Amino acid sequence: MNDQPQLDAIRRAPKVLLHDHLDGGLRPQTIIDLARETGYTGLPTTDAEELRAWFRAAADSGSLERYLTTFDHTVGVMQTREALVRVAAECAEDLADDGVVYAEVRFAPEQHTSTGLSLDEVVTAVLDGFQAGSQGRGIRVGTLLTAMRHQARSMEIAELAVRYRDVGVAGFDIAGAEAGYPPTRHLDAFEYLQRENAHFTIHAGEGFGLPSIWQAIQWCGADRLGHGVRIIDDIQVAADGTAKLGRLAAYVRDKRIPLEMCPTSNLQTGAADSLAEHPIGLLRRLHFRVTVNTDNRLMSDTSVSKEFAALVQTFGYDWDDLLWFTVNAMKSAFIPFDDRLALINGVIKPGFAKLKWQA
Ligand SMILES: O=c1[nH]cnc2c1ncn2[C@H]1C[C@H](O)[C@@H](CO)O1
Ligand SMILES: [Zn+2]
């Protein structure tokens with residue numbers, strides 16, 4: 001038995017992804033094709049490999065606000081039904097190719113209406129694309145509808161999420177620049193979702209600190225935290241390694257609130273300085289409910305397998321650690337309990353067991 005998982009074996013493991021943006025995961029060639037077909041003229045280059053490198057470099061900006069400007073190009077080419085169907089189908093194919101068996105992929109419908117699509121048309125196009133791309137590939141893709149936190153359409157988007165919840169929409173989210181846009185700006189939407197027994201996650205504790213996490217949980221009632229890395233600001237570690245948790249950190253751990261951690265993305269936005277210093281190491285050691293995610297596969301040139309492989313390299317994680325992250329993620333998904341259990345016991349545990357003993 002080899003306890004140090006390698007990238008090719010990790011790719012074959014049945015993985016779960018909870019935090020991935022549809023408009024952050026396009027294939028470079030698809031962006032170029034769609035720009036030509038839809039008349040988008042803003043791309044920095046029309047060479048696919050150059051474009052791949054451009055996104056990675058431009059996103060390496062050290063600030064969330066600058067990182068987010070790279071989405072102008074992806075959102076810019078996702079303004080027709082055909083484009084949305086293609087991007088969603090390819091997303092499902094690429095995730096399946098990486099060995100992801102369950103994914104929740106998010107996007108903001110309000111950003112895809114500039115040529116006249118209605119919010120409903122946007123959502124149905126993406127759902128159709130996910131269905132086409134998942135067919136026969138051993139992956140299930142759920143959709144999260146995101147509202148942009150600097151805009152004022154969260155109630156509409158929350159209603160959209162409830163309307164489509166039985167046909168593929170698993171939940172709701174807010175994203176965009178965090179500083180200056182606290183989650184409580186959208187309290188009415190979150191209260192509505194709670195009354196509807198609907199699920200939601202909130203990007204919090206990425207570009208801003210503890211107050212954002214506190215509001216997301218205690219005012220808005222978030223089921224999960226997108227990133228949540230700044231929760232370490234409420235943890236004191238002594239020289240001998242023992243940790244003392246403040247009240248908010250203790251609450252997050254005690255309540256098993258899932259943290260959708262996205263290590264590479266955090267390095268690019270400056271939310272962490274290096275992988276070795278990334279809070280995931282401490283939070284995993286302290287048994288927070290940590291999950292491992294991609295955030296934006298294009299901007300970070302990443303995949304779940306690559307994120308896992310980097311963590312293995314940095315923290316020495318073994319197959320049991322990777323299984324633990326995966327089961328954490330599956331337990332935290334926004335689909336029914338029976339479905340989660342079936343995937344854990346029928347797919348994830350047997351898949352990891354096979355790889356662990358093959359290695
Ligand atoms: O990591 C992120 N933090 C906040 N907002 C983000 C992040 N990644 C992507 N977004 C934004 C940009 C996208 O256009 C939007 C919807 O997917 O969500
Ligand atoms: Zn995100």
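Glycine is no exception: its Cβ is also placed from the backbone N, Cα and C atoms.
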>> Record says HIS19, HIS21, ASP295 bind Zn(2+). Source is TrEMBL. Which of HIS73, HIS112, HIS199, HIS203 does it list for that same site?
In response: HIS203
> For ASP295 (Zn(2+) binding site), which of these recorded positions sit within 10 Å, Cα to Cα: GLY176, GLU206, HIS227?
Replying inline: HIS227
>> Return the residues near HIS19 (Zn(2+) binding site) by Cβ distance under 8 Å, restricted to its own chain and a separation of at least 6 in sequence.
In response: GLU104, ARG106, THR201, GLY226, HIS227, GLU260, CYS262, THR291, ASN293, THR294, ASP295
> Are any of the recorded positions ASP23, GLU206, HIS227 near ligand 2, with a Cβ under 6 Å from it, and if so which?
Replying inline: none
> Which are the residues of the chain, HIS19, HIS21, HIS203, ASP295 excluded, whose CB is within 8 A of where the CB atoms of the Zn(2+) site average out, their centroid?
Replying inline: ASP20, GLY24, ARG106, ASP173, ALA175, GLY226, HIS227, GLU260, CYS262, SER265, ASN293, ASN296
> Using a Cβ-Cβ cut-off under 8 angstroms and a sequence gap of six or more, which residues of the chain neighbour HIS21 (Zn(2+) binding site)?
Replying inline: VAL105, ARG106, PHE107, THR146, ALA175, ASP295, ASN296
> Per DSSP, ASP23 (substrate binding site) is which: helix, strand or coil?
Replying inline: helix
> Using DSSP and three states only, what is HIS203 (Zn(2+) binding site)?
Replying inline: strand
